[in-house]
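In what follows, a single structure is set out as structure tokens and then discussed.
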Amino acid sequence: MSDTLTADVIGRRVEVNGEHATVRFAGVVPPVAGPWLGVEWDNPERGKHDGSHEGTVYFKCRHPTGGSFIRPNKVNFGTDFLTAIKNRYVLEDGPEEDRKEQIVTIGNKPVETIGFDSIMKQQSQLSKLQEVSLRNCAVSCAGEKGGVAEACPNIRKVDLSKNLLSSWDEVIHIADQLRHLEVLNVSENKLKFPSGSVLTGTLSVLKVLVLNQTGITWAEVLRCVAGCPGLEELYLESNNIFISERPTDVLQTVKLLDLSSNQLIDENQLYLIAHLPRLEQLILSDTGISSLHFPDAGIGCKTSMFPSLKYLVVNDNQISQWSFFNELEKLPSLRALSCLRNPLTKEDKEAETARLLIIASIGQLKTLNKCEILPEERRRAELDYRKAFGNEWKQAGGHKDPEKNRLSEEFLTAHPRYQFLCLKYGAPEDWELKTQQPLMLKNQLLTLKIKYPHQLDQKVLEKQLPGSMTIQKVKGLLSRLLKVPVSDLLLSYESPKKPGREIELENDLKSLQFYSVENGDCLLVRW
């Protein structure tokens, strides 16, 4: 085995037949002669053992089948950053042009060159590069010092995800030469991060840093971003992060923080990042979050936490209590929320009901699940909410005369916006509360006539359809019934309460309830 292998090979990232691994051992493995590398695979199913052979432990793996012994000549140790860029971005000239001889003068001496035009063209191509994508290109190091800065001075965005980089120091050696670097993605590199302090200003103009699936800890995050004084977006998906301390002098400029798929995070840890002054977007999808409380704010008050938070994403979690959304009403700047695939929101038949309840619970919300909340939808949601819980309000001490209101604390806690809705729309009348409550009718059936204005020979039908049924599903039903492609169908409706007015059902994702379709209305079908 060569001296190079023994000197610096341990800890290096390597690629073998498309699979990535980390070198854990270099040496002889008796009784077979010659040098071997012991590697731990990223995919443990690729290995054969745990680093042992015939009773001798040569290295240790996290998984019992995560290790293998491989000959050094079978392993790809990767390439340097600049070579990878040239391989990917430099256009090769034809063979004849490459061989063209030229005489150039350097100083006072004439020098014969071959392919001088080609070299100049390569340098021109590289110097113009601003965005570089080197995903899965086996980049393992920076290469010759100063080479990147000289060849590619204008790079602003680099994707180095899924390469063979083994340490944050190596990332810095690359980034240090890119003085205009604003976006850096090193996801899916198993990086060793520094344990000591990091020099500030290393990534002085960096705005976006992506560290998904790198194995970084929260303490390491805080050390690394100390070198990014202007950082605006930080992505930390799938790192098993536990937020262990409050950021004090770092992350103060961050506007977007993605903590998706970090299953160790809970609401107590979120308090540690709750005072980041510029944080506008927080992504907590697939973290297992089920509850959130802002104890500093009482009923009807705003919290001092997350002062700038405008957009919260909590998809794929365990949210099962409506109190979660009551707490979000306390966030002073919240305008957009995404909460798909949670126990409270994932049932198709209840999706419209859940949407209306969330809208009624969070007064300042403008967008829910990437769908704009129009004024008429908010009005309907709030009126339905006021009506649905009207009897409960009365039983809890509610009264049309505000001076006679004696609402229980339990009701105010469960419905913190109800009093405001009574002020906005008036208290519910007794006659309103005698009818069936719309929000409680999960499967309310509407009896509708179905007519075909352009097909006069078609018989008028009468169908019972759930009010929560989406326009898309209504079209699917009619498509099967009429043997007409869904894409050809245009739907509208008319109501005896609105004579002479036809209302288009143009959004396939909305329900019949959304368009205020009621019993006795008539669907108009055209194709």
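Backbone N, Cα and C atoms are what each Cβ position is placed from, and that goes for glycine too.
Between the listed residues LYS100, LYS192, LYS434, LYS463, Swiss-Prot assigns N6-acetyllysine to LYS463, with no corresponding entry for the rest in that record.
With a cut-off of 8 Å on Cβ pairs spaced 6 or more residues apart, the repeat 'LRR 6' (278-299) and the repeat 'LRR 7' (308-329) reach 3 or more such pairs and are scored as touching. Within 10 Å of the C-beta of LYS463 (N6-acetyllysine) we count 15 further C-beta atoms, all protein chains included.
Counting Cβ atoms from all protein chains shown, SER495 (phosphoserine) has 16 others lying within 10 Å of its own Cβ. A separation of roughly 15 Å, to the nearest angstrom, links the Cα atoms of SER495 (phosphoserine) and LYS463 (N6-acetyllysine). SER495 (phosphoserine) falls outside any helix or strand according to DSSP and counts as coil. Looking only at the repeat 'LRR 1' (154-175), the predicted model's pLDDT averages out at 95.
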